[in-house]
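Note sheet for the following structure.
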């Protein structure tokens, strides 16, 4: 039995083909482009509100009321401790930054309605993160380690630059700009350890001890001999002088004795006459 007209099998298949899947992304992109093209293109000094382009507010102001078909944008000044640095469509001004001393920061320029606070590093620190003239993070200047000296001192935007000590000099580290020369051991000292770029030469005083221990007894013996010779010479000189003076002493004694004898003889004669 033949099927009725119009009740036969369909001339097309209901199963999706590869071409159908390829059309889906194209349709999606087409709709997206239509939506983008439907939005108005605002100028640089305007901002988009719905389907309208509204004029931006000047630096130091914020949007109090957006524009409409019959009115423009209503702007208001930024309250204290807030600012806007550029033309904007912001409903609120931005809060002023705070320079935290615990982060090594100090206030370089106070905040205004059109400019944020400018922070710089306190002395002894340098800026690690710089945004124009504003610094957000500071680090302490590097201290040169032993064996190095300060070649260039740190500033508020640059760290300390260190350089190695040359041979014959040393540094204990720190903030000194010049390395110190090694100590030269004297003629009576011995070099125990040669200096390095971080330590000085070490000298020994044992040689001095040996020299003193040898010279001191010699000096004592020499002084004793010299004293003995001086005393002996003085004794000999005294003896020779005494011998030379003996005749004069005897003559003087005889001269003194004669008057005594004469006086005694005269007294005897007087006593005899009186008797």
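Just so it is clear, glycine is given a Cβ too, placed from its N, Cα and C backbone atoms.
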Among ranges 190-210, 211-231, 232-252, whichever one Swiss-Prot labels transmembrane segment: 211-231
CB within-chain contacts under 8 A for residue 162 (disulfide bond), separation at least 6: 142, 144, 145, 148, 149, 150, 151
Spatial separation of residue 42 (disulfide bond) from residue 54 (disulfide bond) - C-alpha basis, Å: 8
List of residues, in chain order, with Cβ under 8 A from that of residue 197 (N-linked glycosylation site) and at least 6 apart: 146, 147, 148, 164, 165, 167, 169, 170, 171, 179
Helix, strand and coil counts within the repeat 'TNFR-Cys 3' (120-162) (DSSP): 0 helix, 24 strand, 19 coil
Residue 78 (disulfide bond) versus residue 57 (disulfide bond) - Cα distance in angstrom: 11
Overall pLDDT for the repeat 'TNFR-Cys 1' (41-75), taken as the rounded mean: 93
